[in-house]
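Notes follow the structure.
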Amino acid sequence: MAEVKKSIPKRRFVGKKNRKENNLDGSNRDVENAALVTINSKRSAGRVATQIPEDILNDKAINEAIKLLPQNYNFEIHKTIWHIRLRKAKRVALQLPEGLLMFGCILSDIFEQFCQVETIVMGDVTYGACCIDDFTARALDCDFLVHYGHSCLIPVDQTPIKVLYVFVDIKIDLQHVVSSLKHNLPSNSRLALVGTIQFVGSLNSIKDALQIQDEDGKGGFYVVIPQAKPLSPGEALGCTSPYIEKGSVDALIYIGDGRFHLESVMIANPDLPAYRYDPYSHKLSIESYAHEEMKSIRYSAVEKARTAKKFGLIQGTLGRQGSPKVLENLKNTLRKNNKDFVCVLMSEIFPSRLGQFSDIDAWIQVACPRLSIDWGYAFPAPLLTPYEASAAFNVVPWKEVYPMDFYATNSLGNWTPNNPENRPLPNRKKTGPVSS
């Protein structure tokens, strides 16, 4: 009997951590120190709700309450109060990721005081935009949901209750970002800027400042902000990132903390040198990823799954992670290949839980692709993504560049939710016959 400890990973597969090495120009400058310079740090006015009534914007009590929240975090309180009142909501659900959950009680108090509503703070884990829990909010008899910290991945016309997405833009030290990049990267380089949704609003200001050439010759960068629709320009998710045409830029610049979203962009663009600027620590670091090791591990799982006799199909139930249409497409693929399978609904997927299904030879999970990429080696049987399952049964060839297009509208095939084959038809108003 195998030891349990061996099946529990000490860390997830993250390639390699940041390292110090030569910069693009061959120098070995410390990428964590940069001199400050003065730039135009005007903030983008995008996403401002211009229709908010003046009596809400100028309400002294509301503005005093807002001061209880961090001033560099934009929780869009005025806009939220306006929407709650406009919709005549009675019970409002507040869904926040773990990093913002500490502000849940303050937000709840504000809306109960100024909107005369009952609020429910949803405390279940929220990993990303795919975890929006509109169905649970409806089951709790809520008529309005405010989802914080993520982009509008599930359109509001596809939710059973009214939903307001609040990105929670975070103000950062734009001067330090730009000076750090100008100090450490060769002038006139071609750069691609990406980040998480909290910092996407700052990317255009950073781009404008980087394109300016200073008197000392630094700067003058050619900067692009790539987009993977339906995401915002420059936005990266852990499973969906923009593909940047090979040779079009010299380096990738990621604005954000942590590596999870950055790794997605690096996987999609394996030939690009990558830098990460952490707005909290004010450090610029060179990042790397063990692409060949990751692809070798994943292809080995695909090869092993090809000989499996019985499959387990996991439909993720954490928020909106699962996709009934993707699941049905996978069922059809397994049927065509005469494979036996069983469907399992699961909110979170753990090795110990799947280990209880001793008769399953391989798994395919419609939840989070990164679960297989980062943790797949830790499971007792191959745990494939929908893309990997499609490659296993020759629906699509194995790609040299691992695709990170799970929510992209131009994805490779019907094993992704937003592929044209799987997208729901738009709601159209019925019209009567036209009289002549």
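Glycine too: its Cβ is placed from the backbone N, Cα and C atoms.
Counting Cβ atoms from all protein chains shown, C239 ([4Fe-4S] cluster binding site) has 24 others lying within 10 Å of its own Cβ. In this structure, C239 ([4Fe-4S] cluster binding site) belongs to neither helix nor strand by DSSP; it is coil. The [4Fe-4S] cluster binding site annotation in Swiss-Prot covers C130, C239, C368, and the record cites similarity to another entry as its basis.
What Swiss-Prot lists as compositional bias 'Basic residues' is 7-19 (among others).
Summarising the annotation, Swiss-Prot assigns compositional bias 'Basic residues' to 426-436 (among others).
Among the features that Swiss-Prot reports, region 'Disordered' is placed at 1-27 (among others).
Annotation source Swiss-Prot lists region 'Disordered' at 417-436 (among others).
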Where C368 ([4Fe-4S] cluster binding site) sits in the secondary structure, as DSSP reduces it to three classes:
coil
So if I draw a 10 Å sphere around the Cβ of C130 ([4Fe-4S] cluster binding site), how many other Cβ atoms end up inside it?
25
Using an 8 Å cut-off from the Cβ centroid of C130, C239, C368, can you name the remaining same-chain residues around the [4Fe-4S] cluster site, in sequence order?
Y127, G128, L237, G238, T240, Q321, A367, P369, R370, F406, Y407
Across all the protein chains here, work out how many other Cβ atoms are within 10 Å of the Cβ of C368 ([4Fe-4S] cluster binding site).
23
